[in-house]
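Reviewing the structure listed below.
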């Protein structure tokens, strides 16, 4: 009997259920696992509870979670304590009515309770379903309803208000639990509302046997996690991920990372855990390597992230491109306010460091000047950012411009692109440690497959993906599942690109984002937008328009200050924009000032010239921008143009600024 065959005859959680197909839309079904003949794809599968148990057995006294406790201190939970919390929460969920294959929704910022809820739901043979805190009540209802949620855990009274508003529309929902004070009035007045402290102190001895039976029935090839797509077209789809989808992807990520030291890794958790990349890295990968999670506070993306990084000094960091751009803007502002000698030294050091990477492609050249720059200047820069111990800086969720990568290379900080989807449990390709990778998303993870179909004359086509990390199907949505996942288990990503002779994958756009002009030309918007932004640092967003139009136009937003409380863009120009405006010989301090001046002719011409420079880099006349306009404020999450991971919602922007767009074609 093979090792895999033996998994069908053992108790859970590390067991397999018999299955007839590789895909399903039923949350109660199991799926077949596509085992490879050798390599990582042939390794024995493991469940999420099995992964945690193995780490607890070997590293039980190591720190697992650190939460801010007061102004400067942190409360630490070890892996043994973490597991004990998970068991308590799992039993409490069962006592509150959680049935097998039903979900627990979590509507909260990153915190230890998020982790306990996710692991607790999975250990109880339920399903974890994350919900973005920025979701409206209607969007929350969609997730809870479609995921068959029986319990929801929320962050605070604001989120509980959303639940209360839709509670009557959710007959399956049995309990709503609030983590933080001040507590909503419903917790005292109405049944079915609980404080988190009640979950931790609940007497669960009467469900002990039931819990152990549940845990023994957990199977590696059944659904344990639902991740919801962005919903840019229609309602978000629920991506069903099995234990093996997640734990196999985790193995691939760890194998691809540089110098992993089990028991010594640390990560700052700040990207929304509802996003597949954050959940896979923070909850599951960190547990796999017995790493320590440091929780950033709610305002991390509003300016407090650096403080958390300084406290944690992480060994790995994952960000979206906009986070790195914010770091860059801050560093540029600080540098411009320095004295002339400091500026000169910093400029020299950055030039030497960038040259080292561009010449050596990231391999240590041992150059004397590089060593001096690294030890005297770059070490201080890294320390100021909290990156003095970091081994991997990864960028995910959207393409990063080569210019931003070069800026960080000049600081001796190498950012590697990682690519994945909700449907691939988070990661499919990653740049290897020995590659600078300015224009690539890296190589396919070990044990996974990539191919490009429907190629054009240049060898560019649609990326298709196969491997044990590819999802089970969309919950209760057979049509969309069969559209995305073919009979040979290839996932059709919708991403366009190519692979070079060394195996490095590059993406050029998404098929759904491609603009088709009235003349039938296919235009990749992101490349053109990034080219325009590269030509003028004061531009925050360039949004290309031209679907079924005779020519291309672009909506421009300028970099401005941000309200630290709400996260909304202010009218006041950022330092970078102010320096640019002054260089033009005008004294405008706000976007309103610029627009009220006509718009300001000098500002207008500067943007126009930047677009002309970008147009010179176009491969055809059809890809040249003919007109533009300046929008009254920058894009943001609160104003609706950006999603939770700071990606532009293209359909939303097109609707919000429909009048401005029509004027460009009048």
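Glycine residues also receive a Cβ, built from the backbone N, Cα and C atoms like all the rest.
For reference, Swiss-Prot has these:
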- 229-237, 417-422, 495, 510, 624: ATP binding site (BINDING)
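Here the features listed in Swiss-Prot are placed on the structure.
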{"residue": "229", "record": "ATP binding site", "contacts (Cβ under 8 Å, 6+ apart)": "236, 237, 239, 422"}
{"residue": "235", "record": "ATP binding site", "contacts (Cβ under 8 Å, 6+ apart)": "142"}
{"residue": "420", "record": "ATP binding site", "contacts (Cβ under 8 Å, 6+ apart)": "249, 276, 277, 396, 426, 427, 428, 429"}
{"residue": "495", "record": "ATP binding site", "contacts (Cβ under 8 Å, 6+ apart)": "419, 462, 463, 507, 509, 510, 511"}
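Just so you know, the Cβ of residue 417 (ATP binding site) picks up 25 other Cβ atoms within 10 Å once every protein chain is counted.
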